[in-house]
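Below is one structure, written out as structure tokens; comments come after it.
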Amino acid sequence: MKILQQDDFGYWLLTQGSNLYLVNNELPFGIAKDIDLEGLQAMQIGEWKNHPLWLVAEQESDEREYVSLRNLLSLPEDEFHILSRGVEINHFLKTHKFCGKCGHKTQQTQDELAVQCIHCGYQTYPVICPSIIVAVRRGHEILLANHKRHYSPNGGIYTTLAGFVEVGETFEQAVQREVFEETGISIKNLRYFGSQPWAFPNSQMVGFLADYESGEITLQESEIHDAQWFSYDQPLPELPPTGTIARKLIHVTLELCKAEHKCD
């Protein structure tokens with residue numbers, strides 16, 4: 001981090017937790033003085049549109065109006081990823097001010113994105129929590145679940161199954177475990193789909209497609225309110241927002257369901 005001078009120039013990333021400051025739905029751009037950033041701490045984390053991209057250290061009090069990162073999923077993917085990166089870096093810096101080994105204060109390293117203990121020298125890098133997310137298909141049907149956190153009296157969002165990868169577990173094992181734990185369904189033909197940084201606050205969603213193998217839906221009631229098979233040609237419940245990897249998985253799987261039905 002450096003103390004910003006009045007003429008420091010570029011795009012500016014300001015965060016408050018998972019919220020960001022935007023001007024007309026875009027990152028503020030210009031010199032530090034014009035955006036009231038002079039004297040604040042910031043670090044350059046790359047470039048955006050051929051100009052320096054600065055991440056400003058979070059302030060305890062800030063009268064600017066911030067918008068939730070969740071409300072920005074419709075932005076172009078590269079822009080959403082830039083915003084997610086800023087949120088995750090500031091989360092890391094805010095939660096690693098002290099050494100996890102000896103408890104003394106840390107400081108940022110100069111040559112890489114990390115913090116180092118000023119007492120014992122222990123170095124810590126940004127923590128990324130890997131999570132799997134999977135769409136399961138059975139012929140021309142897709143398995144969708146209404147998680148308890150998504151439930152509402154009107155039904156709420158139905159989405160794909162997801163969960164954190166456990167210690168010592170492969171992504172493939174995590175997918176099979178999560179699907180079976182939450183729905184009692186066994187799967188096969190597992191294949192990688194894609195990934196998405198998920199800065200709430202520091203996950204990496206790794207997406208898969210899978211086919212049904214066996215079993216009847218048996219809910220993990222502590223996690224899942226409802227789960228059903230939905231045919232591609234029937235009315236669907238409320239789905240995750242456009243821009244999420246969950247929505248992309250659902251779209252691709254519904255296309256596979258449609259193709260399967262045409263081949264019957």
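Heads up, the Cβ atoms here are built off N, Cα and C, so glycines get one too.
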Stated Swiss-Prot location of motif 'Nudix box', expressed as one of 97-118, 163-184, 207-228:
163-184
Same divalent metal cation 1 site as Glu182, Glu223 according to Swiss-Prot: which of Ala162, Ala199?
Ala162
Going by the substrate site in Swiss-Prot, where Arg70, Glu112, Gln196, Pro197, Trp198, Ala199, Phe200, Pro201, Asn202, Ser203, Ala246 are listed, which of the candidates Tyr122, Tyr125 is also part of it?
Tyr125
Taking DSSP three-state, what's Pro201 (substrate binding site) in: helix, strand or coil?
coil
I'm trying to understand the geometry here, so how far is the Cα atom of Ala162 (divalent metal cation 1 binding site) from the Cα atom of Glu178 (divalent metal cation 2 binding site), in Å to the nearest whole number?
7
Using DSSP and three states only, what is Ala162 (divalent metal cation 1 binding site)?
strand
Around the recorded divalent metal cation 1 site (Ala162, Glu182, Glu223), other residues with Cβ within 8 Å of the Cβ centre, ordered by sequence, are Ala145, His147, Leu161, Gly163, Glu178, Glu181, Gln220, Ile224
Neighbours of Glu178, Glu182, Glu223 excl. site residues, C-beta within 8 Å of centre, divalent metal cation 3:
Ala145, Leu161, Ala162, Gly163, Val179, Glu181, Thr183, Gln220, Ile224
Excluding Cys99, Cys102, Cys117, Cys120, please set out which residues of the same chain place their CB within 8 Å of the center of the CB atoms of the Zn(2+) site, keeping sequence order.
Gly100, Lys101, Gly103, His104, Thr106, Ile118, His119, Gly121, Tyr122
